[in-house]
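Now, the feature entries from TrEMBL:
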BINDING   119-126, 201-205, 265-268  GTP binding site
Amino acid sequence: MGLFDFFKKDKQSEDNLKKGMKKTSGKFRDGLSSIFLGRKTIDDDLLEELEEFLITADIGPQAADMIIEKVRNDYTRGTLKDSERILDALKHTLTELLKDTEDFKEDMSKKPYVVLVSGVNGAGKTTSIAKIANMYKKAGKSVMLAAGDTFRAAAADQLAVWGQRLDIPVIRQPDGSDPAAVIHDGIMSAKAKNIDVLIADTAGRLHTKHNLMQELIKIYKVAEKALGYPVQESLIVLDATSGQNALLQAKMFKDAVNVNGVVLTKLDGTAKGGVAVRVVSELKLPVRYIGFGEGIDDLRPFDAERFVEAMFNDEK
Ligand SMILES: Nc1nc2c(ncn2[C@@H]2O[C@H](COP(=O)(O)OP(=O)(O)OP(=O)(O)O)[C@@H](O)[C@H]2O)c(=O)[nH]1
Ligand SMILES: [Mg+2]
């Protein structure tokens, strides 16, 4: 049992998830329905249309191809009788694909447990940090935040406001300070105060900007040195509405700071939920959290089954 299983199965957060993902799931479900409308038998045309649809839903050609092959095999073997059963088969395959990397094991044996959060500008880093911090706090952990975005004016204030609201201490330095120094400070302070979880914010940066990526690498190294062990969780925050570009970003961040988990945000917007499949199948990274709104409770640890349920949710 992971620390957050409670939140995964919580009824309220499940309702929030379904409500939050209404736009995303609506588009997905309507797209699928129009393919199956009036068609009972499975044929090459249908499978081709389905594959195209999956690709446009951001699932990516690799996973789409795999899914179609599976559907085709099941049909040929007779385990899939007609098009009405395809939806179930699709649900099942998507869940299996996503489950592959579902369980992120938190090793909390060393204190502090550090979560370093990075990503491009405006992806939802700071908001997600507040939501994650709140979750840890609710789970009974002592939490501290480090305001490693010293670049954008008022970025540290934004984090400090969340800290105040959640009653969580925030380590900061004046704007323009060295972000690595802030994280270092945070780690020292967390150690001194025996804090369980330290979550570090960083400034938004484009994955294509070499000097900014170097700065991020430095932050990571300084953190590792101050800790005396590797950063346990290096999360990249991806805006789910940015589609394929999110994949490129993730690849660059993954190499730079050993990203081992993804926070997929803005699934309440015009996102195509398929991008979650792409992250898992092409990047081989687990989706650690999903964000589906601006409120503090609009985030939950990723759960493949519930995510797929929410994608196929047909409550209007
Ligand atoms: N609808 C929606 N909005 C979100 C979500 N997550 C974050 N936001 C909003 O996106 C905007 C940017 O969020 P931030 O958390 O400031 O993003 P950031 O990555 O820290 O931005 P920078 O620090 O400027 O790089 C804010 O208005 C958030 O409220 C989400 O899951 N859904
Ligand atoms: Mg921020």
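Count begins at 1; order follows the chain as displayed.
The backbone N, Cα and C atoms fix where each Cβ goes, glycine too.
Worth saying up front: this structure is predicted, and the values here are computed from it rather than measured.
With all protein chains in the displayed structure included, the most crowded Cβ environment within 10 Å among the binding-site residues LYS125, ARG205 is that of LYS125.
Taken in sequence order, the binding-site residues GLY122, LYS125, THR202, ARG205 that lie near ligand 1, meaning a CB under 6 Å from one of its atoms, are GLY122, LYS125. Proximity of the binding-site residues (LYS125, THR202, LEU267) to ligand 2: a Cβ under 6 Å from the molecule is found for LYS125. Counted over every protein chain shown, other Cβ atoms within 10 Å are most numerous around GLY119 among the binding-site residues GLY119, GLY122.
Long-range Cβ neighbours of LEU267 (GTP binding site) (same chain, at least 6 residues apart, Cβ-Cβ under 8 Å): GLY20, MET21, THR24, ALA240, GLY273, ILE290, GLY291, PHE292. THR202 (GTP binding site) counts 30 other C-beta atoms within 10 Å of its own C-beta, drawing on all protein chains shown.
Reduced to three states, the DSSP call for ARG205 (GTP binding site) is coil.
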